[in-house]
Amino acid sequence: LQEILQSSPSSLVLPAVDCEAIRYLLSFLQESGDWKLTNITNLDVSQLELNTSKPNLLVVQLQPLVSGSNEISTLEAIAENDKIIGRLTMDLQERGTHFSVIYTAVRPSRVSRRTDVVWELRRQLMATEEEDSLSYPPLNVTTGNDICILFYAQNFSLTANNSIFIDLANATFVTQNVDISSSECSDINTTLSLKYTKPVNGISSLEIRFLMTNKFYGGSARNWSTLDSVEIVQDGEKFAEFSVSDISAPAEYSFHCQLVGTSNLYPARLIPSNNEAKNWDVFISRLQIQGFNIENNQFSYASDCTGFFTPAIWMGLVTSVVLLWILAYGIHMIMQLTTNNRFDDPKGPALSVPQTE
């Protein structure tokens, strides 16, 4: 990599790599070259100190771009990133110091699991890619030598006041720049506490708590683990609380849901319980969490939030019932058809049928 950077007269575009490799990139670069390595995450180089005695290698993490609570188009995101790259490059060039810059995303949006896809310039017609169930290891909380909480999400993001977007997936699972020391485990109550320091500009601290309970229910004659509420504490002052719907599983199982958040369209919803919670939008995809009875330090069998009777199944059942009813009605009407018991004789008098018959 060092030889490529030094010999290349222009910019280079490197393919995305897996998060498992990204986490070791900075330490590898620091050990492999005689340069000052600086990791830039806030896109502000005004206070950046550069070393004039040796080359400077800067790793700039471009933040995901959103407009309000909705993702903007790919072309707009690329154009905005180009503006950011150009502005940072001009600011660095004005200092007159030798430098090399690696622009990268916080994490790849999608990682190919096939080695042959990397060498293809274009996607083939009807081509599909196989993806692993987990792109990075789940976050775990330990008590002693045992894991008492497992938490995983493919996407984990918040939006404050419809303007401040906070992507927590990278800090939680890839770099693990999160404090979980306040998490608590017991046989009855479990709390997963995630504390972040300066996740974005304007927020100095952010804590997210997942409160779970393990109770016995006589109707099913077994224990069930339930995610009762989710709490968000901003800067130690602003407190937002959400009640949770439809997030429960047998105590021996983990819980999995494809979409969890504040939207009414998600199978598992986070319902605001106070006025402060209405200022937050939460989005979690492919959530899997387990706070009790963890064996072999891995997730148990997952109880999914999608029940057996999905909307598609209900539509199929209703349509089938209507068609069966039409068929049964038609067969019933055919069975009611009868033939005449008397017939008109053309050689005899005309047949007279009284109206009473």
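Every residue, even glycine, has its Cβ placed from backbone N, Cα and C.
Features as listed in TrEMBL:
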type	residues	note
DOMAIN	146-292	domain 'V-type proton ATPase subunit S1 luminal'
DOMAIN	307-345	domain 'V-type proton ATPase subunit S1/VOA1 transmembrane'
TRANSMEM	312-332	transmembrane segment
When secondary structure is assigned with DSSP, how many helix, strand and coil residues does the domain 'V-type proton ATPase subunit S1/VOA1 transmembrane' (307-345) contain?
25 helix, 0 strand, 14 coil
Note the mean pLDDT of the domain 'V-type proton ATPase subunit S1 luminal' (146-292), expressed as a whole number.
89
How do the residues of the domain 'V-type proton ATPase subunit S1 luminal' (146-292) split into helix, strand and coil according to DSSP?
10 helix, 93 strand, 44 coil
